[in-house]
Amino acid sequence: MGLSHRGIVSVVQIAVYVPLLALAALLVFRHGFSRESGWIFLAIFSIIRIVGAVLILVIENEPNPSVNLFTASSIVVSIGLTPLLFAVMGFLGLVAQRAPRLDMIRAKSTLFRILHVAIIIGLILSIVAAVKLSSQSSLEDADTSSEATTFRKVAGIIFAVVYVVLAALHIYCWINRDQILRHRRKLLIGLTLALPFVGVRDLYSLIGSLKSFTSNFSPINGSLTLYIAMSVVMEFIAVLIYVVFGLTIPLDLDSDELVGEQSMPLRTVVNSSGQQYAPVYRTR
């Protein structure tokens with residue numbers, strides 16, 4: 001039996017995200033495993049998309065796929081936006097590193113802590129909703145599951161609000177770009193290029209959460225064209241932009257720059273290869 005259109009999309013995703021995972025792993029090795037730097041979330045996102053694609057292929061090739069397979073697939077599909085938002089947070093913190101006027105864009109700032117908790121809550125609600133929806137005997141029952149529907153809506157709204165706040169912080173960084181270290185300004189350009197694609201992906205998730213489980217904006221049962229255009233392609237472009245900028249920007253050269261007429265030296269450390277470099281993220 002041949003693959004369905006969604007199965008073909010899954011094959012393409014595997015072919016795309018396996019090399020992207022390798023590149024993301026290289027960036028993690030180069031810049032560090034800290035979740036505050038953003039790079040680790042590119043690797044996590046790539047793994048999620050590979051696992052999700054494999055699950056869809058397994059379901060298509062199983063004569064009688066189990067409920068657990070559908071549940072796992074639904075969960076993986078629903079949590080994909082989470083690492084993208086965490087990555088944006090990490091990159092914003094990296095851009096603002098050692099910038100005197102950007103203290104609120106720090107991993108340990110109150111605002112970032114609130115955003116972090118909000119994303120985690122959205123993640124939990126998405127997982128619970130996916131589990132409850134996949135346990136329904138039919139799509140009609142899924143649409144009438146008020147608890148699961150509520151969880152989906154709240155999660156979608158949370159992710160949308162987080163995106164708007166992150167986009168606003170990104171604009172604030174541009175306003176204070178004279179305070180940003182030279183090579184981190186280039187990373188800010190990468191963020192500017194990627195954020196619209198993340199925004200479209202977030203919009204797809206928001207609309208899908210506000211509509212029924214059988215609407216065209218459902219990533220599982222909806223329009224394949226919308227799914228590809230507003231989710232698959234948007235995610236790929238955003239991750240590709242991050243990876244390209246990560247590979248080409250020498251962030252370690254920002255170890256001693258003049259920012260806002262102040263010398264802002266970064267503490268250097270030694271990595272596993274014995275090379276000195278500036279840590280990608282420090283709050284002070």
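Placement of Cβ uses the backbone N, Cα and C atoms for every residue, glycine included.
Per TrEMBL, the feature domain 'DUF7702' maps to 4-249. The feature transmembrane segment is assigned by TrEMBL to 6-27, 39-59, 71-94, 114-134, 154-175, 187-204, 224-245.
Sequence-distant residue pairs (6 or more apart) of the transmembrane segment (39-59) and the transmembrane segment (187-204) include fewer than 3 whose Cβ atoms are under 8 Å, leaving the two stretches without contact. Predicted-model confidence for the domain 'DUF7702' (4-249) is 88, expressed as mean pLDDT.
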